[in-house]
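Reading through the structure tokens given below for one structure.
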Amino acid sequence: MKQEQQPTPGARATQSQPADQELGSNSPPQRNWKGIAIALLVILVVCSLITMSVILLTPDELTNSSETRLSLEELLGKGFGLHNPEPRWINDTVVVYKTNNGHVMKLNTESNASTLLLDNSTFVTFKASRHSLSPDLKYVLLAYDVKQIFHYSFTASYLIYNIHTGEVWELNPPEVEDSVLQYAAWGVQGQQLIYIFENNIYYQPDIKSSSLRLTSSGKEGIIFNGIADWLYEEELLHSHIAHWWSPDGERLAFLMINDSLVPNMIIPRFTGALYPKAKQYPYPKAGQANPSVKLYVVNLYGPTHTLELMPPDIFKSREYYITMVKWVSNTRTVVRWLNRPQNISILTLCESTTGACSRKYEMTSDTWLSKQNEEPVFSRDGSKFFMTVPVKQGGRGEFHHIAMFLVQSKSEQITVRHLTSGNWEVIRILAYDETTQKIYFLSTESSPQGRQLYSASTEGLLNRDCISCNFMKEDCTYFDASFSPMNQHFLLFCEGPKVPVVSLHITDNPSRYFLLENNSVMKETIQKKKLAKRETRILHIDDYELPLQLSFPKDFMEKNQYALLLIMDEEPGGQMVTDKFHVDWDSVLIDTDNVIVARFDGRGSGFQGLKVLQEIHRRIGSVEAKDQVAAVKYLLKQPYIDSKRLSIFGKGYGGYIASMILKSDEKFFKCGAVVAPISDMKLYASAFSERYLGMPSKEESTYQASSVLHNIHGLKEENLLIIHGTADTKVHFQHSAELIKHLIKAGVNYTLQVYPDEGYHISDKSKHHFYSTILRFFSDCLKEEVSVLPQEPEEDE
């Protein structure tokens, strides 16, 4: 540095030149090359310092010029597809999973060695889109011509494929060719097969045996054996499967659902024929006749014998649902019975050899009972079982926590011991290890927005340990898990906040793991995109602490003003503000239109205790709207929110809440878009509407107050987009038709986008148009208004 402060050698040389030297002299000038080099070096150092200063003082997001904005085409492309390896435990040391390339592999958990079971070309050859491996790993069921029916159910044709020989044959009922089945799957032992055709159950002891029809009462649209009708699939079981294997494969429990008194809903199909066709299916609306249900157990070995398991006496003269069935031994099942108002639940333990059932636990509520699908976890001898129950935690109300039930043999008396407590929720019990006397579960103890895997001792001091808290803790705070049959290993599913990964762990030493899927393609794609930054805040509303999540544009600056989009949840009891990885159509809007997206879990949302959840009892539509408006009022106090550019979006129940907010007296929103909106709870499913509002015959005023159609004049000031598929079997197009009829009568302008013959979930072929419609609507509505100055008249020359 001292050299920089001195005159350069070159300067001294110039000054020492002879004074009488002529300017035009031919003699070469005397140059100091060493001095010139030093001068250039100094200039280079100074330039480097300036460049470094610019880089250090420039925000990171501005320096990474390789980042590009996210487009809808990219979002729907392969680069943004998360791969689910669909891992399944075969036994304690074998996991079967599917690679990103479509190969089906077998992983040995002791050696971490993978073996190819099924090449991806097999799926191409047979045009199969679904598969299922036999328990002995010798055969695979391949489903082709798959057609979705409702949310979970589908029909398909099936092939049985020999993995080792390549031999293949069709799976058909006796004397039927080219059959379309409602369900087909392997049993729990060897090559047992079960399939459902025309609402009847068929059984094969192995792939070479003849099929045995287990039921004969099945009738399309009326009697459902082993498979759910719409109501049970969508609102009660949350699955289309309504049958359950005993652990040894010798017995099968199944529901017989009778819809003979249930009114039918008609869904027209407008395209593809000269005259529209229609399909109808039983759909009980609020207050209408419900399906009746019976539970049977059939013995599969020896002469087939079918036995009915009877409901508790209290339900024999009442309407009831069956919400959970589970085998706890080779001969005993545990069953949950729920009354129609959904405020009385009884858990019974049934002996399948005699049909005798004993009551083990009863729950009642002044509102409604949640978590009625939860399966209790039993010890091997059945002397104890574990289940989550609501436990009061001071002024915060009740939270779901683990209780251990000690069963008295040949008696209905039980002893209860609570294993966890606190202002947090146990999400699900995963396993009980009798050797270590530990219970494994997921909970929100670390954060209401996260999910961590914990263990707790069931004896002594009930010590609790977080197993997942230190695993990839910068990237993963939201987990799910699955334990092997003997609990020696577990699969850990990291679902966010960073790109999801799936790993295999040893239970005794969880820090040792094998990475099953890291979604590397998605990670590489994400790194090249200017995706939103998320931030969670806690709002205090009516003595509640409620979470608000904001997604900011990557180059967000607080001095600027931004438009706001508020997104509603699709279901009551859900959770919008989580640590789960999220990239969706709203990510495109944030990136391309510099919009801030807000999600808020107000009263009526889940996983924050029953007090928050059940505030909407008999008040659905009003409490949620009030809290969302309170969140908007908070946001309007922030200097970066443009009060003239506010919008709202919701689908299904979320569309219902968005509509209730838009028609309220609070006029914040410039526009709103609703997809398949529920407009009147009387038109919606019985189990849903009655859970929150009761029976319409007794709660007429409550139903009227909860209807969007009531006092609809409030929608006059907003720009409203309604989107609906005409073949929606969940929220019928009838809801939008009634809404539009009332809008026209009230003189309200609206925009309607209809998707002919599309359901609640828009198909892949229409998805680009669907998202484009929503994005274009919000882009036009939320664009910044530029003030145009009046032009001064030009002066005449």
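Each position is counted from 1, following the chain as shown.
Positions of Cβ are set from backbone N, Cα and C atoms, glycine also.
Since the structure is predicted, the reported quantities are computational estimates derived from the model, not experimental observations.
The N-linked glycosylation site annotation in Swiss-Prot covers Asn64 (among others).
What Swiss-Prot lists as N-linked glycosylation site is Asn91 (among others), and the listing cites sequence analysis. Under DSSP, Asn91 (N-linked glycosylation site) is assigned to a strand (E or B) in the three-state scheme.
The DSSP secondary structure for Asn112 (N-linked glycosylation site) is coil. The annotation N-linked glycosylation site is assigned in Swiss-Prot to Asn112 (among others).
In the three-state DSSP reading, Asn120 (N-linked glycosylation site) counts as coil. For Asn120 (N-linked glycosylation site), the same-chain residues lying six or more positions away in sequence with a CB closer than 8 A to its CB are Asn101, Gly102, His103. The annotation N-linked glycosylation site is assigned in Swiss-Prot to Asn120 (among others).
Taking Cβ-Cβ distances under 8 Å and a sequence gap of 6 or more within the same chain, the neighbours of Asn258 (N-linked glycosylation site) are Ile222, Ile223, Pro291, Ser292, Val293, Lys294. Under DSSP, Asn258 (N-linked glycosylation site) is assigned to a strand (E or B) in the three-state scheme. Per Swiss-Prot, the feature N-linked glycosylation site maps to Asn258 (among others).
A coil conformation is recorded for Asn343 (N-linked glycosylation site) in the three-state DSSP classification, outside any helix or strand. For Asn343 (among others), the entry in Swiss-Prot reads N-linked glycosylation site, with the evidence type sequence analysis.
A C-beta separation below 8 Å, combined with a sequence spacing of at least six in one chain, links Asn518 (N-linked glycosylation site) to Val499, Val501. The annotation N-linked glycosylation site is assigned in Swiss-Prot to Asn518 (among others).
Among the features that Swiss-Prot reports, N-linked glycosylation site is placed at Asn749 (among others), with the record citing sequence analysis. Classification of Asn749 (N-linked glycosylation site) by DSSP places it in coil, neither helical nor stranded.
If you look up Swiss-Prot, you'll see Tyr139 (among others) marked as phosphotyrosine, on the strength of similarity to another entry. Cβ neighbour count for Tyr139 (phosphotyrosine): 23 (other Cβ atoms within 10 Å of its Cβ, all protein chains included).
Residues or ranges marked as phosphotyrosine by Swiss-Prot: Tyr144 (among others). Less than 8 angstroms from the CB of Tyr144 (phosphotyrosine) sit Phe126, Lys127, Ala128, Ser129, Ala156, Ser157, Tyr158, Leu159, each of them six or more residues away in the same chain.
Positions annotated as region 'Disordered' by Swiss-Prot: 1-28.
Taken from Swiss-Prot, the feature topological domain 'Cytoplasmic' covers 1-34.
Per Swiss-Prot, the feature topological domain 'Extracellular' maps to 56-797.
Per Swiss-Prot, transmembrane segment is recorded for 35-55.
Sequence-distant neighbours of Asn112 (N-linked glycosylation site) (same chain, 6+ residues apart, CB-CB distance under 8 A): Leu504, Phe514. Cβ neighbour count for Asn91 (N-linked glycosylation site) (all protein chains, 10 Å cutoff from its Cβ): 11.
DSSP assigns Asn518 (N-linked glycosylation site) to coil in the three-state reduction, placing it in neither a helix nor a strand.
When the glycosylation sites Asn343, Asn749 are compared by the number of other C-beta atoms lying within 10 angstroms of their own C-beta, Asn749 comes out lowest.
Of all the recorded positions listed here (Tyr139, Asn343, Asn749), Tyr139 has the Cα closest to the Cα of Asn91 (N-linked glycosylation site). Put simply, Asn343 (N-linked glycosylation site) is 42 Å from Asn749 (N-linked glycosylation site) when counted between their Cα atoms.
Cα of Tyr139 (phosphotyrosine) to Cα of Asn343 (N-linked glycosylation site): a span of 45 Å.
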